[in-house]
Amino acid sequence: MKVADRHYHTIWLNNDRRSVDIIDQRWLPHEFKVVTLKTVDDIAIAIRDMWVRGAPLIGVTAAYGVAIAMADDPSDAALHDVWDKLHETRPTAINLRWALDTMRQYLLPLPQKDRMAAAYRRAADIAEEDVQLNRQIGLHGLEIIRDIAARKKPGEPVNILTHCNAGWLATVDYGTATAPIYVAAEEGINVHVYVDETRPRNQGAQLTAWELNGHGVPHTLIVDNAGGHLMQHGQVDMVIVGTDRTTANGDVCNKIGTYLKALAAKDNNVPFYVALPSPTIDWTVHDGISEIPIEERAGAEVSHVQGLAADGKIASVQISPTGSPTANPAFDVTPARLITGLITERGVAQASAEGLSALFPQSRR
Ligand code: MRU
């Protein structure tokens, strides 16, 4: 998407054909920094410490990590090592394992001399596929937004609530939850987005609001607890969120707090949609609540907030008493029964085993 008149992807191969550049998302919205990742260690740090984040982008970054590893040493042992090293960086988003498996399965049968070039080609394909999948999600989601817009009075916007950042920054381009919003806005539909701030990392406040601002999409930043109130007062027409892992039966794991939004949506008859590309479906998992590993992140994310201080520098400020214990589960699971539909690249599926396998019959296990 455009930043200051230049079209950016979130990750790209450099002219040296070895290293990749990424947007270091830790500093947004205050600073737009591009950094170069040259080694497998750089890639692992960038994923673990959330320089890049969002399930699809984590997967693509890992794919380039495998390519960088193959440039150093194209042996089978190196391929298994990079798989292990990158797989442990973040536990919840399944796109990471999907990308690592895809790369390893593709490279293992090849002669070692061909692996480096093949790895960079395959990583680039995965990145390009992500862009195409998100475009398709955008077109399918557009139909839903169009239907709601058709029932609105002239001048009234379609109010969409989203949680976390499932925007272009979380993918290679367009985003998943934001793709329908961007396509609808491009088409001239009057959309307005309620952006949950998304404590503790504030991906809504820092990333989604920055994206929407940059693209001129009307939006309002709200605290995480405001959504239920807005829904009770008829101020939300639909919810669209992304997902880090969706099970074969349609349970959705996403950023902590998503489940509460889904409960509030159900209680208020607000349609609750999840946008996802098929690499986010974990066909081996059937019960999201008991089977998906939930990342537990540092307590400092809860006890402190990061922002721009009065001196114009980015600072971290403590908000709780020193010594108060913290808990920081980063994701939760929304059961399929609370979900109106799953917006995929192949269309909108019912959140159920039948709904998903009707769209992806070859993937059912
Ligand atoms: O911890 P994060 O920022 O990586 O979590 C991101 C999310 O939860 C997104 O909603 C999800 O990855 C979908 S991104 C298209």
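Cβ atoms here come from the backbone N, Cα and C positions, even for glycine.
TrEMBL: automatically predicted annotations, no manual curation.
Site annotation for substrate in TrEMBL covers Arg53, Gly54, Ala55, Gln203, Asn254, Lys255, and the matching candidate from Arg18, Arg90 is Arg90. Within 10 Å of the Cα of Asp244 (active site, proton donor), not one of the recorded positions from the list Arg90, Cys164, Gln203 places its own Cα. Taking every pair among Arg53, Gly54, Ala55, Arg90, Gln203, Asn254, Lys255, the residues recorded as binding substrate, the greatest CA to CA distance is 17 Å. Cα-Cα distance from Arg90 (substrate binding site) to Cys164 (site 'Transition state stabilizer'): 17 Å (rounded to the nearest whole number).
Close contacts with ligand 1, defined as a Cβ under 6 Å from any of its atoms, occur at Arg53, Gly54, Asp244 among the recorded positions Arg53, Gly54, Arg90, Asp244.
The Cβ neighbour count for Gly54 (substrate binding site), using a 10 Å radius and every protein chain shown, is 30.
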